[in-house]
């Protein structure tokens, strides 16, 4: 029988230092220390009993266990040296500590302090010596856990006594960085995966192999001592059972008493956990209970040799812990569960995940990731953390894939009708990274009505863009009209304009302030710039202002009042030089009378805020007629110039007068204008010399020339011939009719652009007007073209349309003498421009006038690959307002960068793509052939569908029975078919060149809001519309639901409306009931309805009033100055009108173009036979 050692005089009981005990109490239960079993926690502590060594700890072999083991094998115990014990058999102190609990110095062990000597203890301690045996029939006593003691810091060891990692009661002591960063072992490891000693704290830092206590509340218990006489071959089997029991306990909720303890102390303990600091270098470790005094006279305190398992020294240090990286959206779990992110992955800011039953962003009470579950809630693997870790491997720079962001959705195109309601949806969202903008303003990014991109995620490389086959460009409407309910553009009125000194970018919400706000970093070229000294000071109120409230830092669309350095000359006044054709065709069609009346009635609407607006009148036939409006008598004086070769200006100082000063004389002239030429027989039209005279008159100032022409110019410079040849229509040479027939007008337009003179054309005529040639003037001077084929003022509908559009045009508040430049982040450049302007340099557009709601399309290409997370496009429009102020309108658009092809497709804007493709098709149709333009549209559609099939669907190779595309591009084939069937690009020999040229002009200048209905008209059923349609509701007049453009929707007795922004058609079925005819048209039956161009009568019937309200809203619901005319189409009426109406039903077959489903089949065959 082994002898039991007696306590040494230097031994101190466990409660010798109460202040330190209270400071380092276990955070789970106040005043109670945890043990491996419940009975240990309830057993009172004997103050006279020394702490016992636990079997299973390093250096303490258990009974029945072999003493000699090969180093590095599982179950290896550390062998103490003989000199490590005292003569009485007392165990040596813990590693690296002297008997007083302090680390020995380099000089040697510190002698025991006399004050630390204690009288001998009465009760013996078991298991304190390696060779010591327990008495027969007795159980080995367990040593209570030490209070606040830790072993020396080791890069491979954690303290054995810690609370459940990740629980609210866990108070993490100081650990080395390697231990903090080391991932916990997998909770699903089998018994064959354990490589270290089961009782080794170095290989078991989480207490993973501890025997569960019945509910798994403390999974970081000390290693469980093995039972006596346990055969060694059962060690692995017992380890496997413990792992299985641990996994089962993970699914059990904690007991009620632990829940009650965790709830009150959760916030306090979590706060203490964050504020605990490591021990200082002087104090060493936290003092705790003393250890037995070593043998006197020994060779000093002896450190045993640690024998770690094989391969432990080759452990690679992981990446820095996420605890040290501020990332509020990610809380790593400290306990068993999913492993932390792999080394090398960058932590990404992810939004918080949704917690069922709780508000977004507010965690559930008492629950955080990595802590204990709520009462009654089962513990389960942390799926949120796994999602965060998998999200870290995303290549999209965090732009996509977060909660609330729509994922890529693939739809089948064939077999179902297109969902045309999606044409009115907003573009795909722009998902910028967190904190991309320096302010949280909802207006920090540009509104799509001002500027929109074809891709709301920019490819990082040109190779990815080429692979996707998607067009890359911008659609800009810088001077969009502001309707009721729209927010006006904010104006910066303090004349402080902060611009980058290198790339001249204007400060915007996406710059970064550095050096305490003294400098800002440009978001285009990343140059540091000084913040203006008065940027935070209001010179008007003489008070400091909040920088973060400045308009340019909160709004993507903003206007600056330009200082004098942005002016070459004083801001020009608004100048109108109206040039009217008074030849015989113009008088006969009533254009002159209608124009004179409209101008007279619009004088009050012409912008003249400061009284600086000037106006002049020139009439032309075979001579040029000038009018002196500055006479003392108040009567206008006509001055006739018949020399057309070298026209001159008689009395030039009196031909252009101030509107306010000469208004009585001007009104007299307008009232007499029709009577002055009503008997003319002159058919000559000297438009060229008249334009030159008008240019000489206003070129020193700049302004607008309004040309109202009813006949083809036929005299002197600019004379044109009839080029219309029916034999060329529908052939490859038809494109020659769409080009300018004279270089005079293009050269004249260039001269006008240099002098800030804009030319607008209003073309009338029942014969050939050569719109292709005369539209060159607006195209290169930033003007507009209006065309009225077969105009006659005898029809009130024609006169009303012309009068409305001319009055709206005269009353527009336009921009004058403007230049526009588009800047982009480094690596991108503007490569092609489409619209009405003149390109002065590589990226500077000259715009003598900027009309309201005119669109410009720009194609973008790569100079180099992008290595930035966000790309910015900034459009700056320097102009003079109608009120005479020099202003700068800045539009900033920020778009994320991606390297994922799926995100590229998911961000594509089908409306912007259709707008850009229409401009490119018009350009190619005029310069090359119409067949080439049509083929280019179909080829682009095939390329997009083919790449998506190859790379985005499961059927990457081989033929497929259907066409697939992402949901946000599902209407692109329909819009492409609408372009192919549009009068601007449709094949055939029945389309006059004037109509085609005018349609091309509209395709290249209409904003997206008006262009999409022009390509895909809106189709409504009126005879069976709901009762609320056509009534005034909370959102205005309620419109019926749009239908697909197919003749299958037509009914024999129905009433249908179709509109494309330029015309409105009312289709009346032949079986329409008399009551419908009486309520709507006021006629007794169908036969009494008059078809053709008409005006809907106003009756007392409810149905008539509702239809009139729908027609009225259709004419004014879009941002445009065009006035759609109304046509009534009878099913058995005029064949030409009937075919015109049916040509808008683009889903039907119309020779020689296929129907929508036939076109999809053609695209499918092309996709299946091609390689992408």
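Glycine residues also receive a Cβ, built from the backbone N, Cα and C atoms like all the rest.
Positions annotated as compositional bias 'Pro residues' by TrEMBL: 1-10 (among others).
The annotation region 'Disordered' is assigned in TrEMBL to 1-381.
According to TrEMBL, the compositional bias 'Low complexity' annotation covers 12-46 (among others).
According to TrEMBL, the compositional bias 'Low complexity' annotation covers 54-77 (among others).
Here TrEMBL flags 115-141 (among others) as compositional bias 'Low complexity'.
The compositional bias 'Polar residues' annotation in TrEMBL covers 210-221 (among others).
Positions annotated as compositional bias 'Low complexity' by TrEMBL: 228-251 (among others).
Per TrEMBL, compositional bias 'Low complexity' is recorded for 258-275 (among others).
Taken from TrEMBL, the feature compositional bias 'Pro residues' covers 335-344 (among others).
Residues or ranges marked as compositional bias 'Polar residues' in TrEMBL: 369-381 (among others).
Here TrEMBL flags 497-534 as domain 'Zinc finger Sec23/Sec24-type'. Long-range neighbours of the domain 'Zinc finger Sec23/Sec24-type' (497-534) within the same chain, counting only residues 6 or more positions beyond its ends whose Cβ lies under 8 Å from a Cβ of the stretch, are 436-439, 441, 444-445, 547, 552-556, 560, 562-563, 823-826, 870, 872, 874, 876, 888, 890, 892, 894.
Confidence for the domain 'Sec23/Sec24 trunk' (571-807), expressed as mean pLDDT, is 93. TrEMBL lists 571-807 with the feature domain 'Sec23/Sec24 trunk'.
Across the range of the domain 'Sec23/Sec24 beta-sandwich' (816-898), the DSSP-based residue counts are 0 helix, 56 strand, 27 coil. Here TrEMBL flags 816-898 as domain 'Sec23/Sec24 beta-sandwich'.
Per TrEMBL, the feature domain 'Sec23/Sec24 helical' maps to 909-1012.
The domain 'Gelsolin-like' annotation in TrEMBL covers 1038-1108.
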Practice prompt. Kindly report the helix/strand/coil residue split of the domain 'Sec23/Sec24 helical' (909-1012) according to DSSP, in that order.
Written response: 71 helix, 3 strand, 30 coil
Worksheet, complete the sentence: Across the domain 'Zinc finger Sec23/Sec24-type' (497-534), DSSP labelling yields 3 helix, 11 strand, 24 coil
Item to complete: Over the span of the domain 'Gelsolin-like' (1038-1108), count residues by DSSP class, listing helix, strand and coil in order.
Response: 21 helix, 13 strand, 37 coil
